[in-house]
Structures are given as structure tokens and as C-alpha cells.
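As written in TrEMBL, here are the features:
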TRANSMEM  A:23-44  transmembrane segment
TRANSMEM  A:50-72  transmembrane segment
TRANSMEM  A:79-97  transmembrane segment
TRANSMEM  A:103-124  transmembrane segment
TRANSMEM  A:131-148  transmembrane segment
TRANSMEM  A:168-190  transmembrane segment
TRANSMEM  A:219-242  transmembrane segment
TRANSMEM  A:275-297  transmembrane segment
Amino acid sequence: MTPLDTPMQRSQSISIASVFERYGLVIFLVALMVVAAIASPTFLRPANLVNVLTIAAPLGMVVVGQTFVILVRGLDLSVASLMATVAVLATAFKATTNEAIPMIFIAAIALSAMVGLVNGWLVAKRNVSPFLATLAMMIILQGARFAYTGGAPISTLPPGMGFLASGRVLGIPVNLITLAFLAIAFGIVLHRSRLGREIFMVGSNPKAAFLNGVAPDRVVILCYVICSVCAGIGGLFLLGYVGTVSNWVGQGYELDSIVAAVMGGVALSGGRGNVFAALLGVAVLVVINNLVLLLGFPIEMQLIIKGIIIIGAAAFYRTRLA
Amino acid sequence: MSAIAMDIRRNRLMLSYLIVAVLLVLLAVAGGFLSDRFLTWRNIGNLLQQLIVLGMVSLGQTFVVLMGGIDLAIGSLVGALTVFLANFLEWRPDLVWLALPLALIAATGVGAINGLLTVVLRVHPLIVTLGMSSIIFGGTLMYRKEPGGSVPRAFADIAYTKVGGIPISAIVLVVIFALAGLWLQRTRTGRSIYFAGGDREAARLNGLPVDRIVVLAYALSGLCAGIAAIFLTARTGVGDPRIGVALTLQSVTPVVVGGTILAGGRGGVLGTFLGVLLVTMLNSLLNFVNVSSYYQWVIQGLIILIAVGIHSSRRK
């Protein structure tokens, strides 16, 4: 392979494949919705659809971030723990008026960015495997959070937080609007900016990226920071939706966010993926979860289906692109 | 050249064992100072009694990590098995002789399926075992949401019986670790686990049946989870679907502390054994000085990071 061996061609052939993947997922989603509509007349009611999307929004925010980390061959298992920790932090202000909301957001984002910085530093500079680094971070955050709350749930929140999470502007849920902003902003960063190109380069071949004048360490650290910040914001919106901090806000989101991203065709081997396809993965996941409920199956069945899907989707994309 | 490299590696590994051993002694001394009950026979007996569960799941994790994989289904599997054992034995307390082999076979089978899935689908083991864990956990919860079941007295005894002051479970653990160590060092199959974890392509080119080794390692991990579940059920007397949730992560810590880094192909059961001792002793000590379990989580996370930091900087 010469250095001139066509990064252009490669990216082109990959983008055709990824377009194909994207449509495959759309077809799957439509098929699921048809099944859901047939199985239960409730499904297509606007109230149910809006409900489904409202539940999906915080997960979507996490997935946007998770995509960045997976693109650089990483994985962030600390997102769920961070969401809960941010939620606890938000209640720590003991604020009952809406003036505190900007402060809460700033504090939450600052904490998240710090967490991401540590994760990224461990992975990029200390060569710790992403799995171990974020696992350790997950436990540390969990311990710190419980030590602060003593395990008891708290519910002191400015009323505006609830509005952010389940209120509507012109009939559209506020958290969906926020998710759209977040996805478009980070989508532009990823797919249209220089930084985005660097992320793809580092993900598909760190050495080549380095030789091309990209500092892989910096890019990797930045991806972890972005991931944590997205998770932190997702945590605030989820908190507003749930209303109380139970110390376990967001539990399971680490698995769900990885499932959604993988389903959306974000390759765990790095360097291949798309934020919006990953969000389609979220849609599929929440429709399946909703379907399980509408069909009257026990809620635990969601866990089983999720497990099968993540293995199946990973295998599917693997054979497709091998 | 490679012999020298091997030698250096070996010495480094020995050094990290030595560090952990020194830490163990320091902990014991510190414990003795902090509480006059820490170094009593009674507490040591308790400590030894607790070893088997963490010890077995960590041993299983060691096999898989040595081979270059990871097993995140261990905790769910242990939980599912305790539910099976406690409910089965409540139904037929006389069938202990049947329940135990059934549990071990099922455990080994689930492990083998994990291995087969990674081999056949070529999906990253993290994803396979994470998915598997979700499937097992969901299935168990569909059967039983709350802890339940009971075990006959004779079965409970295996967790509590002592011989000469030493719990049988601790003796079993040491014997199993010794056998595992001998097997890994002295037999062809055992050594091939190291080769598969070191450079898989090279192993394949040398004619090793890599796929079979992978499946074997996961099957062994399942078997170890089965043994852990038997002793856990005997000790607690109930089947709790959620009991394994924390166990998966706990099984990783001693493997990391013991120097069997997650890159695979290095380390061994001695390191894991020392790691299990260290973690168990530290937790016990923290309990003695009334540090809340919340801070124990923080400390566990820090231990992982420190151990990884030490081992990864040694690698360079």
C-alpha cells in the first residue's frame, strides 16, 4: 500500500456502503412500525409516538457522544454513571427557581468535560484500554455519588427542568428540539469539519493520521470529552423527565447507547459511522421497547431482545463489510 | 533474543507479584494496628470463607483474558444459576446430587456458546458477552423477579464446614487454582491459551486450533461461574437474580491487579490469586474501619486504574 493509495476511493466506497446500511435500517424501522401498528392500534396514536420520542431523546443525546468515542476505536461505559452523577449534582444546588438552570447546566457540563478529559487522558496518554478506563470511571463516579447522597433519592429541582424534559414548543417536545440541535451541531463537526476528518482518520488508522500531521492523542481525548458532555446533557434532560434522582438515573444507558450506535452501523473497529444513522438505531431500539410493552410481554423481555439485537447487528455489519 | 525477552517479561511479572504480596503484608499489618479483631482467627476464617466466589469468577475471567478475550456475562450467569439451584432444591431437596452437575453443565454450556458466538460471528467478545449477559439477565428476571427458594441444610454446609479451622471452600479454591496453574504451564492445551492470546495470527500459522482454544477458554469461564454459584447459593441459601450484577466487574479487578493485562497472552493464575486476596482483604479492612461501601466503590475504581497504570508503564 503506497501512501497515495487513495484515501478518496476508500472513503467513497465506504460511504456507498454506509448509505446502503442506512437504508437497510430505515427499512427495518418501517417494518417494525408496521408490525407495531398492526399489533396495537395504540401505537400510531400521536400521543404514543410523542411519548416514545420523548423517552428516546436523552438516549439520543448519549448516542451522539458514544458515536464519537466508538469512531476512535473506543467505548464509554461510564456514560450512565455520569448521567446519574450529573443529576445528583443538579439537585445539589437545592434550587427551586428557574434562575438556577443556567448554573446547573454550566456545572453539569464542566463536570462532564472533566470526566471526559480523564477518560481520554487515560486512554490516549496512559494506554489504558477504553474498557478498563471507563469502567473504573463508572465505579468511581458511582461511589462518589452514593457517598454524597447516602443512597437516598432527592427531588429538589427548579420547575423549568421538568419543562425542558417534557414540555413542548409549538407542539414539539423541547427535548427533541434540543436533541436535533445537538445532533446537527455535532453532525456538522463530524461530517463536515476538519476535526471530523481527523477523527475518521485517527479511527481508521492512527499511524497514518499521525504521519499526516494529526495528533491522535488530542483527537481521542476530545472525542471522550464530547461523549461525556453529551452524556451529561442527556442526564439533565432525563432527570427532568424522571423528576427525582434515584442515584440510578440512566441505568442501562451504557449498553443501550452502544447497542444503538452499533445498530446504526458505527463500527466498533473504528473509523466508520454516522451520527444520524446511530440515531436511527435509537429509534429502532425505542420502537422495539415500546412494541414489547404494547404486545403485553413482560418488560424483562426488552433485555433479551436487546441482547440478541446487539450481537446480531454487530455480526450483520461485520459480514456485510468484510 | 526471544528467550531473553521472555526472561525479562517473566522477571517483570515476578516483580509485580512481589509488589502485590508486599501490599498484602502491609494491609495485614495496617489491619492489625487499626483493629485488634482484624488479625484474629475468627476474622481470618471469615475472610477465607469469602474467597471462593470472587476467586472462582476471577479464575474464569483469567482464562478468557489470557486467551485475549473478556467475559462480561459472568455476573448474570452466576445470578441465573443461584436462582436455578435455590428453586430446584426447594422443589426437590433430595436431588442435590442431580442439581449440582446440572448447574455445572449448564454453566459450561453457556460459556461455550459465548465462545462459539465470538468465533463463528467474529464479533468482539465485549459485545457478545455484553449481549449474552443482557439475555441471561432478562431470562432470569422473567422467571423470578425477587430473591427466593431455599436450600437443604446438607447443601448449605459446604459453604460453612471447616477442616482444622480452615473452610473447605478455601481449600477447594487453592486446589483448583493450583490445578489451573499446572494445567496452564505444563500441558500443551494449557500453554496454547497463552499463544492464542499473544499473537493470534502466529498461533494460527503454527497450526494451533485457535477457534477451539477460544471456545475452551469461555467454557472454562462458565464452569468457574458454575462453581462460584454453587458456593454462593450454599452460603446465602437463596437464589437472587441480581446477585451477580456487581460480580462481573469484581471479577475483572483481581485479573488486572494480578498483572494479567487485558492485552492477553501474559500473566497467570498466581497473580489473580494474589489479586483476589488483596481485594478481599482490603474490603474487609475497610469494613472494619467503617468506611462506607460507597467509598469502597471509589477505591475499587482507583485500584483498577493504579494497577493498569503500573502494568502499562512497565510494558514500555
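Keep in mind that glycine also has a Cβ here, set from the backbone N, Cα and C atoms.
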- Dominant neighbour of the transmembrane segment (A:131-148) in A:50-72, A:103-124, A:168-190, by Cβ pairs under 8 Å: A:103-124
- Contact set, same chain, for the transmembrane segment (A:275-297): CB under 8 Å, 6 or more residues outside the stretch: 18, 21-22, 25-26, 28-29, 32-33, 35-36, 39-40, 42-43, 48, 52-53, 55-56, 59-60, 63-64, 66-67, 179, 183, 186-187, 190-191, 256, 259-266, 305-306, 309
- Query: Does the transmembrane segment (A:168-190) reach the transmembrane segment (A:50-72), going by 3 or more CB pairs under 8 Å (6 or more apart in sequence)?
  - Reply: yes
- Note on the structure: Given the transmembrane segment (A:103-124), its same-chain partners at Cβ distance under 8 Å and 6+ residues beyond its ends are 74, 76, 78, 82, 85-86, 89-90, 93, 95, 130, 133-134, 137, 141, 158, 161, 216-218, 220-229, 231-233, 235-236
